[in-house]
Amino acid sequence: MITANDMTLTYNDGTEALRGINLKIQSGELVYITGPSGSGKTSLIKLLMGAEKPTAGQLQVLNLSLPQAGEKDLLQLRQQIGPVFQELKLIDGRSVLENVVLGMRFLEIPSQQWRSRASEALEKVRISHKMMSKAEHLSWGERQRVAIARAIARKPSLILADEPTGNLDHDNAVNILQLLDSLRNQDTSVIITTHATHLIDRQRTSQLIHISEGRIVPQ
Amino acid sequence: MKRSLVNLGYFIREAFTLLKLNGVSHLLSFVSIALAFFLLSLVVSTWWVSLQIIDTLQQEAEISVFISEDISQTDQEALTASITAIPGVMGVRMVSETEAFEQMAAILGEEAEVLTYFDENPFDAYLETSVDPSQAAVIYQELLLLSGVRHIRDNREVLHQIQSLTNLQRVLGLLFIAAAGTATLVVISHLIRQGVYQNRNQIHTLKLLGAPPSFIALPFLMVGLGLTLGGGLLATLFTRWALYLGYQQLAAPLPFIPLPPLTVLFRNTSLVILSLSLLLGIAGSAMGLKASRIQS
């Protein structure tokens, strides 16, 4: 599903965010990427969702080789991913339901299924009672759940969650991680970045990748 | 295409949200565009009317041949026969002084009262000569050579003056199209860029979710089109009113001016303005979107 060989990411301003990254993630795995703030976790997530391209080395995500990928390929890749952004990126002024449906409008999902899929996803994250509320009227924890619902309603092959426990109290953070854990199945892998290593259930984790200063550090 | 239709409601809602986001700017732009199109439609209409007048006058090619006062009846008949024999002449008819007076009274209509100020009939009798418009110039020259002809008058001078006016109107019309077009393109393109900038976070999110550029761009395109088409529509409504008033002002006091039917003029002008607004809306929005680089 994902392979990276000696992958490097250097931003235009010369900042080297990642270097010498080697990865192999199979379908159906639950992978945690840990590390302190600024270690390169978000840069790795950006690479995996095709928001950035590696400046050196190889990266293959869902059978697409990123360095060679064109705009159309990147578009198709992103359509197979369910992203949960660190800053959530919900659209204010729109209802919770509309936010979730928006993630499906341009996918090959019949329009008749949009609402039922959205309801199902909101039910799963236990926020369906606020379906018609405006996104900006929710608490951070509730917004977090809506962002996850938007990701899972798309039935993606890969869920990428960037710091989904940030700004949450202990109980809510554990609930969110358990929820994301429950979403993985034979066809769906879940990759979560977090610096809250104490919340990780290591028994259920397929891989724990620790990044420090842009490099993978053996545990 | 099918996906766009399914999302039509969403696109319309998004377009309205964008319009509301900069309500005052959009309203002022809408009014400016409508005003520009209104002025343009007036120029186009008058241009059209002038062309129509020229066309009508060219179809009505007539030469008035004024004969010498001392000519005998026999010579007058011989002159009429000579004129009739000229190739391209389709008919010759003597118009008496009295008939010439009555003709002018009919033309002046309500203003015919002015003719009562003359002590004597100021009009001369003449030979009304109908000619083939394509041969009018040659016939004119041949008539000058005939003896007994005092003076010849045709509508070529009038035609020439209207033609000059039409040429000026054409230049003005093209300048107006260029000015209104450029202004509309700049306004729409700027508004779209502004909208894209203000919605950059939402656009970025949509890109990361895998939304194609067309999905992101369509609401912006609808805003651009809405403004220009709406402006064009408002301009055509004002044009209809202005043309109606103009016809009322012109048709009664100047009944001899061959104006085209009002409905035809309005239909043609509207077609030009609405087509232009459609084209400019698409072009302006496309320019704005291109400058904003909405891509994956």
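Including glycine, each Cβ sits where the backbone N, Cα and C put it.
Feature annotations, reproduced from TrEMBL:
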- B:62-151: domain 'FtsX extracellular' (DOMAIN)
- B:27-49: transmembrane segment (TRANSMEM)
- B:171-192: transmembrane segment (TRANSMEM)
- B:212-234: transmembrane segment (TRANSMEM)
- B:241-259: transmembrane segment (TRANSMEM)
- B:271-289: transmembrane segment (TRANSMEM)
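Residues 3-4, 7, 11-12, 14-15, 17-19, 26, 29-34, 36-38, 184, 188, 191-192, 195-196, 203, 206, 273-274, 276-278, 280-282, 284-286, 288-289, 294-296 of the same chain, all 6+ positions outside the transmembrane segment (B:212-234), place their C-beta atoms under 8 angstroms from a C-beta of that stretch. Long-range contacts of the transmembrane segment (B:171-192) within the same chain, counting only residues at least 6 positions beyond its ends with a Cβ under 8 Å from a Cβ of the stretch, are 22, 25-26, 29, 32-33, 36-37, 39-40, 43-44, 47, 220, 223-224, 227-228, 231, 276-277, 280-281, 283-285, 287-289, 291-292.
Long-range contacts of the transmembrane segment (B:271-289) within the same chain, counting only residues at least 6 positions beyond its ends with a Cβ under 8 Å from a Cβ of the stretch, are 33, 37, 40-41, 44, 177, 181, 184-193, 195-196, 217, 220-221, 223-229, 231-233, 235-236, 239. Computed over the domain 'FtsX extracellular' (B:62-151), the whole-number mean pLDDT of the model equals 86.
The residues of the domain 'FtsX extracellular' (B:62-151), classed with DSSP into helix (H, G, I), strand (E, B) and coil, number 47 helix, 22 strand, 21 coil.
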